[in-house]
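The block underneath contains the structure these notes are about, expressed in C-alpha cells.
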Amino acid sequence: MIIRSPEPEVKILVDRDPVKTSFEEWARPGHFSRTIAKGPDTTTWIWNLHADAHDFDSHTSDLEEISRKIFSAHFGQLSIIFLWLSGMYFHGARFSNYEAWLSDPTHIGPSAQVVWPIVGQEILNGDVGGGFRGIQITSGFFQIWRASGITSELQLYCTAIGALVFAALMLFAGWFHYHKAAPKLAWFQDVESMLNHHLAGLLGLGSLSWAGHQVHVSLPINQFLNAGVDPKEIPLPHEFILNRDLLAQLYPSFAEGATPFFTLNWSKYAEFLTFRGGLDPVTGGLWLTDIAHHHLAIAILFLIAGHMYKTNWGIGHSLKDILEAHKGPFTGQGHKGLYEILTTSWHAQLSLNLAMLGSLTIVVAHHMYSMPPYPYLATDYGTQLSLFTHHMWIGGFLIVGAAAHAAIFMVRDYDPTTRYNDLLDRVLRHRDAIISHLNWVCIFLGFHSFGLYIHNDTMSALGRPQDMFSDTAIQLQPVFAQWIQNTHTLAPGATAPGATASTSLTWGGGDLVAVGGKVALLPIPLGTADFLVHHIHAFTIHVTVLILLKGVLFARSSRLIPDKANLGFRFPCDGPGRGGTCQVSAWDHVFLGLFWMYNSISVVIFHFSWKMQSDVWGTISDQGVVTHITGGNFAQSSITINGWLRDFLWAQASQVIQSYGSSLSAYGLLFLGAHFVWAFSLMFLFSGRGYWQELIESIVWAHNKLKVAPATQPRALSIVQGRAVGVTHYLLGGIATTWAFFLARIIAVG
C-alpha cells in the first residue's frame, strides 16, 4: 500500500463571469447612484455626476467589488499610457527630424511637430538647424531614443505600432478581469505574493532585461554613433543580438560568452560593465557602460528581494509578523494592526504609495540635471529645464494626493474602536503637540528666512552694501552643504576606490565637461544666496506639511467640531447656525495645501532656472573661458527680493514678452492666456455662493419672461465646487504661465 501525502488544496482565486458585459448602463448617466441615476433636477446634477463617477466607495461598500473596479481601471490607465507613448513614437517616426538630429545633435535641435499653414500659424515652425523647420521639443525623447540604440525613423514606427498592440491588450485585460475572471478579495490582500511578483518580476526582471538590452543593443550602437559612423551603416539591433562576433569586435571578452560568469572571472566583463563615475566627454551624459552595470546590479538586488516573502512554500518573511514585531521602547503597540489597515483600506495604501512616489519623483528631478543619463541631454538646456520643472510639479501633486488619501482613510476607513495604543493612535493622541510645534517652526522659518531678504533690500536701498548678507559682506556660507559637496568630490580613489570620477560633476573638483562648445556640467558653487533661498524652501515646505498634516490628524474630530467624522471628507461648514466652522473639512486642507505646494515648487524651479543660467549653462571658448548665460549674477542679485523681481522675473521675461512675430510667438500668447486663466480663478475664490445664486435668479427671471427657461433649474456652484474650480484654474494658469516664461526664455538664449 502506497501512503500518499494529502494533495495540497489549490486555491481558486477568481470568480468566473461575475458581472455581465452590457452597454446599457452607458446610456444611463449616474447608474452607480440611485439619486444621480434619476436624472437632473438642477444643474448641480452634472457636478455630482463628475464628483462621484470614480468614487467607488460611494457606489458600494463591498471591498471586493471596489478592489475589482480599481484593478480594472488600472488596466484602462495603462492602455491610455501605451496610447500616449505610441503617439510620441509615431510623431518621432512621421513628423520629426530624428535622423538628422542623430547625425549632428550639437547643432540641430530636436523637433517632432510641424504646424500646418492655416491662418499664418506656420510662423511657429522655427529653423531648428539642418534645414528642418518645426517646433522645438523639450521632452527628452530624442536623447532617450539614442540611448536605447534607435537609429532610424522606421524603428520608431514599429515601436509605435507595438505600443498600440499593447494598448489594445491592456483594454482587453481591463474588461477580462472585471467581467470574465475577476480576482477574489483574498488575491488582492495576498501581500507576500504581490511583493514577490512586483520585486522580482517588475523591478528585477524589468531591470535585467533593460541591462541586457543596453549591453547587446545600446552599447555597440552608441559606440558607433560616438565614433561618427553614419547611422545607416550601423548594423541593426537584431544583428548584434544574433551575431556574437559583431559584439566581440567591439568588446573582445564577448568571444568567451558566459564562461567568465560561471567561473567567477567577472572582471573579464569590465569592458562593458564599468564603474567610472563622471560624464562621457563625447556626449555629456553618464557613461552608458556605467548605466548598464547599475541596472544589472539593481536587477540582482530586486531578484533577491523578490524571494524573501513567504508564499506557497512555508519559508520566508511574513509581513504581518514583521510589522507586529516592530515595537520601540516608547511606541506602545508599535505597528500592530497596521497590516489590517493596509490590506483593508486602499486609501491608506495609496497614501503611502503617493508619498513615496512623489518624493522619488522629486529625487528624479534633481538627478536628471546633476547626473544626466542620456547622450546630449546636458547641453539641451530647454529639455533640462523642462524635465526638472515637470518632475518637480508631478512630485508636488503626488505628495498632496498622499495627504488627501490619508485624510479619506481617516474619515472613511479608520475604526477607532479596534485601534488602541498603536503608533497611529499615539500620533493622534498627541496631535496638538505635533501641530503646535510645526506651527512654531513655520513662524520661525518664515520670519527669519524672509527677514534676511528684507534686511538686504533695506540695506541695498540705503546704499549700505557692506551691511548686507552676501558673499562679499556679511557671509552666511552653507557650510554643511559645502562639506557634503567636498566629501563627494574626494570620494574617488578614497572611500570609492574603484571609481575614477565622483558621482556628479556638480560636487566639485576642477572638471568641466563641454560638448560642441556648450557647457554640459561643471562644479556648482554654493554661497550666501543659496543659503538664503534654501531657507525659503524650508519655510514653504514646512507650511505645506503643516496644512496637509493638520488636515489628516484632525480629519475625524477637533475641539471645534468633535463629530467631524460624521460630516464626511468634504463639507463647507458645520451646518447652519454654527458660525466660524467653514473651511475645516479634510478636503479644505487639501485645497489650501495645493496653494502652498504651488508656492514651494515655484520657488524651487525659479531657483533652479536662475542658478543654472548664472553658474552652469553657457559657452566655452577655444581658450577655455566659460561665458554663462546671465554671467554669474545669481550670487549678488538673488539676495534681495528686488533682485528676484528685477533680474530674474522681469529681465528674463523679455523673451516671452517680445516673442510676437517669431517662432516663439505661441509662448507669448500662452503667457497672456495663462495669466487670464489664473486671474479667472480669483473670481471663484474671492466670491461667495450667495452672490452668484442671486445673479442666477435674476437671469432665470429674464429667461422666464422670454419663455426660454430650461427645465433643469440653474443653481450656483456649491461652496466646495467653487473652490475646486478656483484652485484648478489657479494651478493650471500658474503652471502654464511659468511654462511659457521658461521655454521662450531658454529656447531663445540656450
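Using N, Cα and C of the backbone, Cβ positions are placed for all residues, glycine too.
Going by Swiss-Prot, these are the annotated features:
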TRANSMEM  70-93  transmembrane segment
TRANSMEM  156-179  transmembrane segment
TRANSMEM  195-219  transmembrane segment
TRANSMEM  291-309  transmembrane segment
TRANSMEM  346-369  transmembrane segment
TRANSMEM  385-411  transmembrane segment
TRANSMEM  433-455  transmembrane segment
TRANSMEM  531-549  transmembrane segment
BINDING   Cys573, Cys582  [4Fe-4S] cluster binding site
TRANSMEM  589-610  transmembrane segment
TRANSMEM  664-686  transmembrane segment
BINDING   His675  chlorophyll a' binding site
BINDING   Met683, Tyr691  chlorophyll a binding site
BINDING   Trp692  phylloquinone binding site
TRANSMEM  724-744  transmembrane segment
Among Cys573, Met683, the most crowded of the binding-site residues [Cβ within 10 Å]: Cys573
Between Cys573 ([4Fe-4S] cluster binding site) and His675 (chlorophyll a' binding site): CA-CA distance (Å): 31
Around the Cβ of Cys582 ([4Fe-4S] cluster binding site), the count of other Cβ atoms that are within 10 Å: 13
Candidate with sparsest Cβ neighbourhood (10 Å radius) among Tyr691, Trp692, the listed binding-site residues: Tyr691
For the transmembrane segment (589-610), sequence-distant contacts whose Cβ falls under 8 Å of one of its Cβ atoms, 6 or more beyond its ends: 369, 385, 388-389, 392-393, 396-397, 399-400, 403-404, 407, 533, 536-537, 540-541, 543-544, 547-548, 550-552, 583, 630, 634, 638, 644, 648, 652, 723-724, 727, 730-731, 734, 738, 742, 746
Ranked first among 385-411, 531-549, 724-744 for CB pairs under 8 angstroms with the transmembrane segment (664-686): 724-744
Stretch contact, the transmembrane segment (531-549) with the transmembrane segment (724-744), Cβ-Cβ under 8 Å, 3+ pairs: no
Pairwise CA distance, Tyr691 (chlorophyll a binding site) versus Cys582 ([4Fe-4S] cluster binding site), rounded so that it is a whole Å: 17
Residue pair Met683 (chlorophyll a binding site), Trp692 (phylloquinone binding site) - Cα distance, angstrom, rounded: 11
Alpha-carbon distance [Trp692 (phylloquinone binding site); Cys582 ([4Fe-4S] cluster binding site)] in Å: 19
Top Cβ-contact partner of the transmembrane segment (291-309) among 195-219, 346-369, 724-744 (pairs under 8 Å): 195-219
Contact set, same chain, for the transmembrane segment (156-179): CB under 8 Å, 6 or more residues outside the stretch: 17-21, 68-69, 71-76, 78-80, 82-83, 85-87, 89-90, 92-94, 98, 145, 150
Chain residues outside the transmembrane segment (195-219) and at least six past its termini with a C-beta under 8 angstroms from it: 147-149, 237, 240-241, 247, 250-251, 272-273, 288-289, 291-292, 295-296, 298-299, 301-303, 305-309, 311, 319
Count of other CB atoms lying within 10 Å of the CB belonging to His675 (chlorophyll a' binding site): 15
Coarse DSSP state, helix versus strand versus coil, of Met683 (chlorophyll a binding site): helix
Cα distance (Å, whole number) from Trp692 (phylloquinone binding site) to Cys573 ([4Fe-4S] cluster binding site): 18
